[in-house]
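Chemist: Mind having a look at this structure? Questions to follow.
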Amino acid sequence: MISSVKYTASSLTCSAFSSRKLPIQRSQLFTFPSIQNAEQNMGHSQLCSQKKPLYLASTENMALLKRRNVSECQAYEADRSRPLEINIELPSEEAAQRLKIGLYFATWWALNVVFNIYNKKVLNAFPYPWLTSTLSLAAGSLMMLISWATRVAEVPKVNLDFWKALFPVAVAHTIGHVAATVSMSKVAVSFTHIIKSGEPAFSVLVSSFLLGEAFPMQVYLSLLPIIGGCALAAVTELNFNMIGFMGAMISNLAFVFRNIFSKKGMRGMCVSGMNYYACLSMLSLLILTPFAIAVEGPKVWAAGWQTAVSQIGPNFVWWVVAQSVFYHLYNQVSYMSLDQISPLTFSIGNTMKRISVIISSILIFHTPVQPINALGAAVAILGTFLYSQVHSSFLLNQICSFYYFENPTGQDASVMT
């Protein structure tokens with residue numbers, strides 16, 4: 001046991017102690033070795049003082065110390081390979097984190113389902129996807145401005161460089177958002193999401209041919225069920241529409257470029273997920289508004305609005321507000337969840353989100369589905385799940401390789417992805 005007593009006037013020294021140089025603190029504390037070491041070093045049964053030797057009659061008293069129930073404490077050193085065994089019961093932080101992630105996922109899926117339902121209702125009565133997309137971005141921008149003004153959310157500290165880096169991301173986000181809305185205005189919600197589940201295929205192809213990145217064979221093989229399932233679902237779709245199909249494909253491609261621009265340009269920008277999406281929505285709104293006016297125009301919107309209100313009634317206004325608000329909320333929650341979970345968990349959650357949207361839209365809108373069409377959808381979603389597993393393992397290996405080659409000794413290592 002390592003113990004300490006106050007240093008008295010008659011200082012004790014020993015030849016056994018002189019072999020180890022122990023610093024004497026200002027508090028004048030003298031450190032004794034463990035009992036086992038004391039017995040070994042005191043084989044001659046004597047201690048020596050500074051002037052006169054002090055003899056002990058026997059070492060029986062020292063031996064009795066060992067025979068008693070004395071607890072031995074050993075100091076833990078950082079360079080020891082022996083782990084420190086400490087049994088301390090702490091609150092289960094892992095369970096709390098799992099509950100938090102579960103709440104994120106449940107909220108994310110629920111908001112996405114509600115948005116898709118109201119979005120499809122609005123587009124069925126008011127088939128103007130450019131204005132619908134603009135209203136979605138405008139509602140989110142207004143909500144965040146109010147949150148910043150009332151201090152509900154922290155105002156992000158951004159500069160001109162941030163907006164410059166965000167601009168290509170906003171352009172790709174705007175194209176993807178409008179293209180997906182155009183697709184939903186022409187085809188069923190379930191069909192749009194089946195085609196959008198093929199986004200990983202676009203990601204690998206763009207990264208391979210345009211960026212020159214190489215992937216293992218498992219990643220390429222995981223794309224086969226995605227491509228095959230989407231093709232089977234498209235061929236067997238009863239209400240197939242080329243504009244709707246191309247809208248979903250363009251949306252996939254645009255969101256791939258959005259992710260690429262975000263990784264390259266936004267690296268090192270310290271902005272939370274909620275504020276990042278808020279700034280993205282505002283910049284996308286500025287980009288989209290003039291194009292929406294040029295493509296559709298206020299006259300078309302006014303005529304279509306009167307027709308929708310006369311057919312649906314006041315509930316139509318609620319539909320527009322709901323689809324705009326829920327669009328921002330579900331995207332905001334998804335970006336906030338990225339701050340709490342890994343990319344692999346997010347990919348799995350995104351796959352499950354599409355399943356919930358497809359099933360709920362089929363049940364609510366009574367979309368006719370053939371067995372072969374359902375098989376294609378299942379194969380495509382399964383392929384997306386397999387891709388997320390294989391691709392995440394590939395990224396993990398890249399990070400480990402970077403860690404080893406940058407710092408093979410493992411000292412002062414920090415990898416930021």
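Easy rule for this one: first residue shown is 1, then count along the chain.
From the backbone N, Cα and C atoms, a Cβ is placed for every residue, glycine too.
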Chemist: Which stretch does TrEMBL mark as transmembrane segment, out of 99-119, 162-182?
Modeler: 162-182
Chemist: Restricting to CB pairs under 8 Å, which listed stretch, 130-150, 162-182, 242-261, is in contact most with the transmembrane segment (273-292)?
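Modeler: By Cβ pairs under 8 Å, 130-150 leads among 130-150, 162-182, 242-261.
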Chemist: I need to check the long-range neighbours of the transmembrane segment (130-150): which residues 6 or more away from its ends have a CB within less than 8 Å of a CB in the stretch?
Modeler: 119, 122-123, 177-178, 181, 185, 275, 277-278, 281-282, 284-285, 288-289, 291-292, 295-296, 301, 320-321, 323-325, 327-328, 331-332
